[in-house]
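Pulled from Swiss-Prot:
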type    : residues                                                                                : note
BINDING : Ile38, Arg39, Glu40, Arg67, Ala85, Gly86, Leu87, Glu104, Glu127, Asp150, Glu151, Lys176 : GDP-alpha-D-mannose binding site
DOMAIN  : 43-180                                                                                  : domain 'Nudix hydrolase'
BINDING : Ala85, Glu104                                                                           : Mg(2+) 1 binding site
MOTIF   : 86-106                                                                                  : motif 'Nudix box'
BINDING : Glu100, Glu104, Glu151                                                                  : Mg(2+) 2 binding site
Amino acid sequence: MSVKIENIRSELLSKNWFKLHKYTFDLIDDNGTSVQQIREVYDRGNGATILLYNRPNGTVLLINQFRMPTYVNGNPDGMLLETCAGLLDNDSPEECIRREAMEETGYQVDSVQKLFEAYMSPGGVTEIIHFFAAEYHADQKVTDDVGVEDEVIEVVELPFTEAIAMIADGRIKDGKTIMLLQYAQIHGLLK
């Protein structure tokens, strides 16, 4: 099936932190049937995330961070256990994720492996996330001062097997983190 889009009109609804647009357009299917659709689209830019793992120790490095949207949606304290991540801004995905790893974990990682890209919520958000993995070792830790601006972050080192179990029991609920941990499990990054 293929579709054709015509008569696209955009209205800016908000440009506070990110941009929220209302799009009105005609969607035409293979049979030539045209249906007018209206969608709100949130443009927050693209991002990157990374799974930091230590193969000899069988551990992963995650962060516990306050996320207001999770609090609003029933997470009692708003804290979310996740892989470090950030928006690209004007950096390449590789530059972004090295910077974010340093800012959020205190580890300086040089060699990062790009795994894949994914839309995380394509029904309403434009963002593509670039997924990475990298090994970390104790000698790469350069600071205990983590987080920037008003971020509330705790660095958490866990056995990989425990992190996998935390998906099943609901202690890890972040989609990008689940995807990276399962990628590591499927591809044998840690034994």
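Heads up, the Cβ atoms here are built off N, Cα and C, so glycines get one too.
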Counts of helix, strand and coil residues, the motif 'Nudix box' (86-106), according to DSSP: 13 helix, 2 strand, 6 coil
Rounded Cα separation (Å) that holds between Glu127 (GDP-alpha-D-mannose binding site) and Glu100 (Mg(2+) 2 binding site): 17
Cα-to-Cα gap, Glu100 (Mg(2+) 2 binding site) vs Glu40 (GDP-alpha-D-mannose binding site), nearest whole Å: 29
Alpha-carbon spacing, Ile38 (GDP-alpha-D-mannose binding site) to Glu104 (Mg(2+) 1 binding site), which is rounded to whole Å: 38
The domain 'Nudix hydrolase' (43-180), counted residue by residue under DSSP: helix, strand, coil: 36 helix, 50 strand, 52 coil
For Ala85 (GDP-alpha-D-mannose binding site): intrachain residues, at least 6 apart, with Cβ closer than 8 Å: Gly47, Ala48, Thr49, Ile50, Ile97, Glu100, Ile129, Lys176
Cβ-based neighbourhood (8 Å from the centroid) of the Mg(2+) 2 site, residues Glu100, Glu104, Glu151 excluded: Ile63, Gln65, Cys84, Ala85, Gly86, Glu103, Thr105, Val146, Gly147, Val148, Ile153
Sparsest-packed of the listed binding-site residues (Glu40, Glu100, Glu104, Glu127) - C-beta count within 10 angstroms: Glu40
Minimum Cα separation from Glu104 (Mg(2+) 1 binding site), reported as the residue among binding-site residues Glu40, Leu87, Glu151 that achieves it: Glu151
